[in-house]
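Peer 1: I have a structure here, written as structure tokens, and I will follow up with some questions on it.
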Amino acid sequence: MTALTRLRLKDFRNYESLSLDLDGRHVCLFGSNGAGKTNLLEAISQLGPGRGLRSASLSELTRHGAEGGWTVSANLDDRRIGVGLETDGGSAKRVIRIDGAPSQAGDLAELVRIVWLTPAMDSIFRGGASDRRRFFDRQVMAHIPSHGTAAARYERAMRERNALLERGHVDPAWADAIETRMAEAGAELAINRASVLESLQAAVDARPEGYFPKGDLSLEGEAETSAAAGEDFKTIFESLTETYRSMRRRDAAAGRTLTGPHRSDLKVIHRPTGMVAGDASTGQQKALLIGLILASATALAGDGGGPAPLLLLDEAAAHLDANRRAALFDELSALPGQSWLTGTERFLFDAFGDRAQHIEVDAGGAAILA
Ligand SMILES: Nc1ncnc2c1ncn2[C@@H]1O[C@H](COP(=O)(O)OP(=O)(O)OP(=O)(O)O)[C@@H](O)[C@H]1O
Ligand SMILES: [Mg+2]
């Protein structure tokens, strides 16, 4: 099983310094509210691409009162990996190490893949499209790490376009240049999303029937629809370019870009009832989401080349009844990557038994109990 066997934190959130040596089983963290359980998962999430489990900025992660930056280092199977924020006078930058040597984010992404579920995701089916899009883009990033940089390029170009339109007299050549960059990044986003949606749906379909129901997924967005239909990059790019050009007047009036992959939505149907997921009960939505995350981990594990994903489940067990908890632990045990779970009470993880290590987290410290 792909697993973290050592985790060291320095000046990360409430941890001044923490050192955990693990034996490679799954990990259950329990402890009272505010003890630092989610912070531990967040630390691990920094090893993956993007901003981690709480989308925090790098400096927010520094322990209050600490002198410099923070570090998270770990042994993942036989590799030593680490990330951190290094401060030097006024400047601060993210640094990455692999086996002791300074490295690039892309190299780290080849070694570690992480999927997570947090209580904040509970509302994605009811909330607006942006929450679902962010959730889905997270899954896409776990499969395709460059998705994050494509999204950043898209956002940057869009901000420039919005600023240009706001100014009134638009220089068409300038707008063309910006829209070309948007369409390039946008076509990449759409193709990434459509391809990951397909493997995610396949993984959902292949899951056993049980407590975590299946969903039918689709992407609502013109570019994604084209990508799903097999259109190539050039066709999607040209179509986006045309859309942006023809929308200049309306976008200028609206003060923002009204169409494009930044508006796409993930539609989820709760298969057992045929209802849009947002209309399902709270418990049904939660179970559906757990099923989706399990499918995401399975899809990653099955896509050849890359490492098996680590799974971070923040408070996933707390709202499940005993049967569902046991079913969750059984499913996690069948995955090829280590799972990390949190909860306020130790008994929540009883059914995991000796398939997991049980660790008590207590105000910036952690003790392995079993
Ligand atoms: N940058 C920081 N420096 C120091 N402490 C911080 C920092 N950021 C957050 N904390 C503190 O870390 C503590 C632990 O937070 P965390 O979210 O990990 O708790 P938790 O164990 O998950 O609790 P809960 O069960 O309520 O979810 C909180 O008291 C929080 O205020
Ligand atoms: Mg928490």
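Every residue, even glycine, has its Cβ placed from backbone N, Cα and C.
Feature annotation from TrEMBL assigns ATP binding site to GLY31, SER32, ASN33, GLY34, ALA35, GLY36, LYS37, THR38. The domain 'AAA+ ATPase' annotation in TrEMBL covers 23-365.
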Peer 1: Between 0 and 100, where does the mean pLDDT of the domain 'AAA+ ATPase' (23-365) sit?
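Peer 2: Average per-residue pLDDT within the domain 'AAA+ ATPase' (23-365): 95.
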Peer 1: Give the subset of the binding-site residues SER32, ASN33, GLY34, ALA35, GLY36, LYS37 lying near ligand 2, defined as CB under 6 A from any of its atoms.
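Peer 2: With ligand 2 as the reference and 6 Å as the Cβ limit, the list reads LYS37.
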Peer 1: What residue among the binding-site residues SER32, ASN33, THR38 has the most other CB atoms lying within 10 A of its CB?
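Peer 2: The residue with the most neighbouring Cβ atoms within 10 Å is THR38.
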Peer 1: Which Cβ among the binding-site residues (GLY31, GLY36) has the fewest C-beta neighbours inside 10 Å?
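Peer 2: Result for the binding-site residues GLY31, GLY36: minimum number of other Cβ atoms within 10 Å at GLY31.
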Peer 1: Look up THR38 (ATP binding site) in the DSSP assignment and report helix, strand or coil.
Peer 2: helix
Peer 1: What are the non-local neighbours of GLY34 (ATP binding site), defined as same-chain residues 6+ apart in sequence with CB under 8 A from its CB?
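Peer 2: The answer is ALA363.
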Peer 1: Let me know the DSSP-derived helix, strand or coil state of ASN33 (ATP binding site), please.
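Peer 2: In the DSSP reduction, ASN33 (ATP binding site) maps to coil.
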Peer 1: Excluding GLY31, SER32, ASN33, GLY34, ALA35, GLY36, LYS37, THR38, which residues of the same chain place their Cβ within 8 Å of the centroid of the Cβ atoms of the recorded ATP site?
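Peer 2: These residues sit around the ATP site: THR342, THR344, VAL361, ALA363.
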Peer 1: Inside 10 Å of the Cβ of LYS37 (ATP binding site), count up the other Cβ atoms and send me the figure.
Peer 2: 25
Peer 1: May I ask which residues of the same chain, at least 6 positions away in sequence, place their Cβ under 8 angstroms from the Cβ of ALA35 (ATP binding site)?
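Peer 2: Non-local contacts for ALA35 (ATP binding site): VAL361, ASP362, ALA363.
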